[in-house]
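Participant: Structure in structure tokens, see below.
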Amino acid sequence: MSSAFQFQCHLVLIFLAASKGETRYLEMRDAGEDEPFLLLSEDLKRELSAGQIYRRSLRCIDMVSIEGQFTFTADQPQLHCATFFIGEPKELITIEYDFMNIDCQGGDFLKVFDGWILKGEKFPSSLDHPLTTSQRYVDFCESGNIQRSMRSSQNVAMIFFRVHQPGNGFTVTVKKNTNLFPCNVISQTPSGRFTMVIPHQHRNCSFSIIYPVVIKISDLILGHLNGLFLKKPSAGCAGVGDFIELLGGAGLDPSKMFPLADLCHSFHGSAQMKIGCDNTVLRMVSSGKHINRVTFEYHQLDLQETELRKENSIEEFCFPSI
């Protein structure tokens, strides 16, 4: 498995371990050091639901999956730092600057990014995000008091920062908001069930699962208009404005992944596939003319399932990973 995708997989494994109150460690080669990720247990989440504000310090490399106030204070020059924020699929993330004590003139910076970037690859991809890449950044050193908050367009966001002077740092507050029609999602878990709906919107939406998985599509409605189904071509999805594609690869950006299958016919039933890639993406392409809907479930592909190849298995197209 590539080092970039080891990072991604470890992020999700860490999240899973956190739900059991455990701690995991992650190798971040760009930072040049091992950084522990201590996440919240389910008991603590329940305690905080009573209205308490959760507060803790941030490490140079960290991940946050809960609302609260987070403070970073440098104990030495920290030049390559990042915090990854992730919510539930139906949540958007708001990051607010509360306190800043960084030297922008001296080379410090703090940038919020709408999405995730790993090894130069973005999620959502530039093809699927409503904003340009430059618009997805909020740079504190450039905006100052003009823009002191940013709301993500999906369930993930991140900050990059550099602080040279020990004792300097910043404080941010993280809030969650409900997203009625979630589009681009990174799954927190290796298994689950999800329904994606695009209601008369010309956009592309990707659901990313950072694991080799078995994915089962149980319901697909494409070209649904006034209770009628529009007739689709008899073969292939070329030229069809509304369809589903399954992608796989060893990176984060769906636009750089290998196309594994296309679905452009509405159906009720079951279509199951094994995908042995490091990252699996279900991507819905929508023309905006119709209401499109897909329901699917997934679970992690284990070693035994990988060895028992069947006709509907497409893992041979992917990079070997387990």
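Note: Cβ is positioned from N, Cα and C throughout, glycine not excepted.
It should be emphasised that the depicted structure is a prediction, and the values quoted were computed from it without experimental measurement.
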Participant: Considering the candidates Cys237, Cys277, which is the cysteine that TrEMBL reports in a disulfide bond with Cys264?
Facilitator: Cys237
Participant: For Cys183 (disulfide bond), list the number of other Cβ atoms lying within 10 Å of its Cβ atom.
Facilitator: 23
Participant: Quick check for the class: what is the C-alpha distance, in angstrom and rounded, between Cys205 (disulfide bond) and Cys264 (disulfide bond)?
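Facilitator: Each residue's Cα considered, Cys205 (disulfide bond) and Cys264 (disulfide bond) end up 15 Å apart.
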Participant: Can you grab the distance from Cys60 (disulfide bond) over to Cys277 (disulfide bond)? Cα atoms, rounded to a whole Å.
Facilitator: 30
Participant: If you run through the domain 'Corticotropin-releasing factor binding protein C-terminal' (185-306) with DSSP, how many residues end up as helix, strand and coil?
Facilitator: 7 helix, 70 strand, 45 coil
Participant: Mind tallying the domain 'Corticotropin-releasing factor binding protein N-terminal' (52-177) by DSSP state, helix then strand then coil?
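Facilitator: The counts are 7 helix, 67 strand, 52 coil.
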Participant: Give me the CA-CA distance between Cys81 (disulfide bond) and Cys104 (disulfide bond), in Å, as a whole number.
Facilitator: 16
Participant: State the mean pLDDT for the domain 'Corticotropin-releasing factor binding protein C-terminal' (185-306).
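Facilitator: Reported value for the domain 'Corticotropin-releasing factor binding protein C-terminal' (185-306) is a mean pLDDT of 84.
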